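Per Swiss-Prot, the features are:
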{"type": "BINDING", "residues": "G81, N112", "note": "anthranilate 1 binding site"}
{"type": "BINDING", "residues": "G81, 84-85, 91-94, 109-117, S121", "note": "5-phospho-alpha-D-ribose 1-diphosphate binding site"}
{"type": "BINDING", "residues": "S93, E227", "note": "Mg(2+) 1 binding site"}
{"type": "BINDING", "residues": "R167", "note": "anthranilate 2 binding site"}
{"type": "BINDING", "residues": "D226, E227", "note": "Mg(2+) 2 binding site"}
Amino acid sequence: MDMKQALNRIASNLDLSRDEMKDVMRIVMNGEATDAQIGAFLMGLRLKSETIDEITGATEVMRELATGVTVNAEPLVDIVGTGGDGANLFNVSSAASFVVAAAGGYVAKHGNRGVSSKSGSADLIEKAGINLNMKPEEVARCVEQIGVGFMFAPAHHGAMKHAIGPRRELGCRTIFNILGPMTNPAGVTRQLIGVFTRELCRPMAEVLQRLGAEHIMVVCSKDGLDEISLATVTHVAELKDGEITEYDLTPEDLGIKSQSLVGLSVDGADESLALIKAAFGRSHDETTEKARDMIALNAGAAIYVAGLARTAKEGVDMALDAMGSGLAAGKMSELADFSQCF
């Protein structure tokens, strides 16, 4: 299928098959489509709503064209969000990555700079003194030896450059906003994924089910966070043993008291890093305790997804231990030191 055929199909409110979507995505990612065609394609998909087949095909092509990272370590997991929730919270998923590593997991963290937020995961990682410009084999060594490594998305998805202009000019969410979390360059099959709307929870779980994922939790909280929230109910679509189940979680279900998010918003990577370091330390003021609990909720779920705990609640206990013992702070320092060797 060529670009004009695809645009005519979408303009008629007709869906593309998985293979047709792969054809069109290759045209886009190989630089063979004009900016006008890419913009029309992205907006047309959004207006008619992307199907499971279309998202699956697009994900396959992004994975196919990515610069991969081969990691020889298990259990390998990622904690990632779509972004776009507008809450400007500190970098919960990045903080949780160090906690999971401290609990015995291996985290291949995939992320980018902030677009809608004031501190994206890459901004935080860089501020922590961690080298963003590593080769794939160097990232793999970080994961294997430290337990955590960071893959800077633009370095692994070079073909995305062809869509940057049209995406920026459109200025709204498109299919690319939901593809990032599903295109981890290390090929992880265990993930905690946060999304900006509950409507994406099950579709993303279904896409990853088709693509062979082992254990996935896709989450969105009632207050709109792409995280498990400390303040309210979080909706979950969980893929485990080949089956998808949907349910709601409260902080109390995981052994944590519900609390407001006041004090957890930040104005940039500096503030985010300071709050994470406090949470990893021995401070017991109210805001630090909230941050620690928020990290524990998400790290605990990831520890469970990694297979290191029988339940997410057990994972939360392990996460709190990893922070209280100083091991999580140690992982952050170790990665900063080790990554600067390259």
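Using N, Cα and C of the backbone, Cβ positions are placed for all residues, glycine too.
Using G81 (anthranilate 1 binding site) as the reference Cα, a 10 A cut-off selects G111, D226 from the binding-site residues G111, R167, D226. Cα separation, D226 (Mg(2+) 2 binding site) to G111 (5-phospho-alpha-D-ribose 1-diphosphate binding site), rounded: 14 Å.
Remark: of the binding-site residues S93, S94, N112, the most isolated position is N112 (fewest other Cβ atoms within 10 Å of its Cβ). Rounded to a whole number, the distance between the Cα atoms of N112 (anthranilate 1 binding site) and the residue listed as 'anthranilate 2 binding site' is 15 Å. Sequence-distant neighbours of G111 (5-phospho-alpha-D-ribose 1-diphosphate binding site) (same chain, six or more apart, CB under 8 Å from its CB) are V80, S93, S94, G120, S121, A122, I125, F150, M151, F152, A153, listed in sequence order.
Looking at N91 (5-phospho-alpha-D-ribose 1-diphosphate binding site) and E227 (Mg(2+) 1 binding site), their Cα atoms lie 10 Å from each other.
Each residue contributes its Cα atom, and for N112 (anthranilate 1 binding site) and E227 (Mg(2+) 1 binding site) those atoms are 17 Å apart.
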